[in-house]
Amino acid sequence: MAFGYARRRRDEAQDASREPFREADPLARFAYVEPAEEDPPETHRHGEHCACGLRGE
Amino acid sequence: MSHAHILGFPRIGARRELKTAVEAHWKGQLDEAGLRAVGRELRGRHWALQQAAGLDCVTVGDFAFYDHLHNATALFSAGPARFGLGGHMDLADYFAMARGTPEQPALAMKKWFDTNYHYLVPEVDAGTRFRLNRDWLLPELQGAQAAGYRAKVVLPGPLTWLWLASAPAGFDKLSLLPALLPVYAELAAELRALGVAWLQLDEPILSLDLPEEWLAAFPRAHAAIAAVAPPVLLATYFGSVAVHAALLKALPVAALHLDLVRAPRQLEAFLPDWPQDKALSLGVIDGRNLWRTDLARVLALLHPARALLGERLWIAPSCSLLHVPTDLSLEEKLDPALKSWMAFAVQKLDELSVLKRALEQGEPAVWRELQAAAQAIQSRRKAPSTHVAAVRARVAALKPEDAERAAPFAQRIAAQQAVLNLPKLPTTTIGSFPQTAEIRAARAAFKAGRLGEDQYIAAMQAEIRHAVEKQERLGLDVLVHGEAERNDMVEYFGEQLDGYAFTQFGWVQSYGSRCVKPPVIYGDVSRPAPMTVEWSRYAQTLTDKPMKGMLSGPLTMLFWSFVRDDLPKQEVALQLALALRDEVVDLETAGIKLIQIDEPTIREGLPLKKAEWPAYLDWAVRAFRITAAGVRNQTQIHTHMCYSEFNDILPSIAALDADVITIETSRARMKLLEGFAEFRYPNDIGPGLYDIHSPRVPAQAEMQELLQRALKVVPAERLWVNPDCGLKTRGWPETEAALKIMVATAREARAALN
């Protein structure tokens, strides 16, 4: 019980210590968010690759 | 002191921040200043990580908004003339060349050596001029120096940049070296004046089989630069450069980097008589894979090197960390034991730090870290998932006949034709049909738990019905189910195989803003249940025409994954082959009479040095044949390969013994077929009749001309009619229009033959 309580307090403290950093993090708003649908497959042609070879989301 | 450094850091950001920012910029939602601010922040973060790990310098020049080779092209104002910029490039020009414009196609893109990263191919010709553009690289250096970092600047070496460029036929790219070197020298002198600690020039082409004249150019090229530069580190990676040891020892550079992960034995060619005035950088942490380093093993290698080299010993990852994901600590869903076996880029910095302290302060100083690493290595060695007795026994029991079909091709094709009764020049497609927004939304909703399994299956079955109806209306001879249920040709299968794991943030850059999250093969691979059978079985119930089953081959599953490093690749390939063989046999049992095993990567897997090709091709071909050989003669095995120069490996392509091979040839206007004809390729061929990369619908005369070209070199009874590749990137309107013409073309040619 005591251990659980201590751990929760520690986790809360860590979360609290992270929050200001998160808010101040200028990159936070650029973290990629998966779209509601998957990224469309690549359609423009590049060099030697066909639809199988040139992969990436 | 032991100098610790990295050759480069992944630029995309732990949460793909660069992707978001670049794509927002392209959409007009983020201006250039905003995009540059994101770049600055990412670079600053990556340098801070290097500093925190105690590295002796931070690496500047590894960042790019699209591609680092393209950055060098911009730095030297070497953009192709067709863009009409006189070579000069600002950020908008940089993206225009990377992505194409309404008037000009994008620069070609090629695989970066044998990695899954793609670079933009510079274009050079006799008119190419070079001029230093100080808007590139130097502001990044100023940023690092203003933040107080000791900077090592990295650039592609002049010979690697030239080698990788494309040029008109007959033009000697090396003739541009005298014009390029002064610009390198101008930049190098400026870097020295700015107090740059080191200049790292990457010359990975040294791992290839280089012509003599290119090798001969190294001393004069690097002498010209080194004379005015900060101390130069010449970086080699991706293979052994032992054969060039004499040349490299004599180069006027201050340090040399060797990849000891890919080629550990090459150290013997350098260490004993390494020049007293040069440092030797040993790449001992795998920059290509995500496994935790066996630090004890590495230290056993480093201690003798340290005894010989003293402070001239540098330590580093084997190559740039560009090829590994950024930060393992973000992973919240990985099994804890499996997670403890891994190290992403941030964790590899920690490993480097431990090695450095162990060398400088002695191993007791990092006892705790070494213990943790040893425990993880032990845990991995002992994990039941890495040694599944049944899988090992099955591989061990493989016999030569397991890689052989029951009868030779001539007998098989006759048996197949008796069952399939196909017309001459049979028409088919490669497998996928348009992945519409509805399909992608349904898959995403199912993945996120917003769509139940029954609803998902019903949605996918509706898509299959849709695809089958369209194909029947079009009059195709061999149908496919359309692969609506497949997100990716590796991930789909990996998710259903034992021995595979998936990360949440294990993204690595593929090209530009696009990333891949390769599955991780961590254990022995087996197939707990059929993976594609129900979809194919359902599709076959909808039509009397033959339905082709479709799966990815063992080599593709291997090369597009992070593969375990505790088992030879060929062993993993055999495990995959056996798992996929079971799928092939189950498809046959379910009544599927044609089964396609896609292997777009067979050429990608070729070693960089030609001398190593036969050994690779031997096990690669065997893995494919084992996958295919479990079926009866009547079942027709197809394979599909993308556009590649196959001519130099045609004996191996023939040795696959697929009944039908479909290849991408329309862009080269069937030229590829000449090699098949000269070789007298014995089995059936389906050369792509139209390019699927654009929505353009070719005229029937155009397709007929290509088909007639094919008929000149391939006997009609061996020839199939199909598009170049899968149609997942296309919309339905152009797909239907093009296939209608393709079927009409085949019928017209058939009538003429009859």
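Note: Cβ is positioned from N, Cα and C throughout, glycine not excepted.
Just so you know, TrEMBL annotations are computer predictions that nobody has curated.
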Looking at TrEMBL, which one out of B:E472, B:E483, B:E485, B:E645 binds L-methionine in the same site as B:I430, B:G431, B:S432, B:D598?
B:E483
Besides B:H640, B:C642, B:C725, which of B:E664, B:E705, B:E736, B:E748 does TrEMBL list for that Zn(2+) 1 site?
B:E664
Which of B:E463, B:E469, B:E599, B:E604 shares the 5-methyltetrahydropteroyltri-L-glutamate site with B:R16, B:E17, B:L18, B:K19, B:K111, B:N116, B:R514, B:C515, B:W560 per TrEMBL?
B:E604
Near chain A - the binding-site residues B:R16, B:G431, B:E483, B:R514, B:W560, B:D598, filtered by Cβ distance under 8 Å
B:R16, B:R514, B:W560, B:D598
Could you tell me the C-alpha distance between B:W560 (5-methyltetrahydropteroyltri-L-glutamate binding site) and B:D598 (L-methionine binding site) in angstrom, no decimals?
13
Need the DSSP three-state call for B:L18 (5-methyltetrahydropteroyltri-L-glutamate binding site) to compare against my parser.
helix
Please report the number of other Cβ atoms within 10 Å of the Cβ of B:L18 (5-methyltetrahydropteroyltri-L-glutamate binding site).
27
Near B:C642 (Zn(2+) 1 binding site), which residues of its own chain have a C-beta under 8 A away, given they sit six or more steps off in sequence?
B:P600, B:I663, B:E664, B:C725
Could you check what DSSP calls B:R514 (5-methyltetrahydropteroyltri-L-glutamate binding site) once collapsed to helix, strand or coil?
strand
Highest Cβ count within 10 Å among the recorded positions B:R16, B:K111, B:R514, B:H640, B:H693: which residue is it?
B:H640
Sort out the sequence-distant neighbours of B:G431 (L-methionine binding site) for me: same chain, 6+ apart, CB within less than 8 Å of its CB, listed by position.
B:V480, B:G482, B:E483, B:K548, B:M550, B:Q596, B:D598, B:H640, B:G726
Most crowded position, judged by CB atoms within 10 A, among B:D598, B:E664 as binding-site residues
B:E664
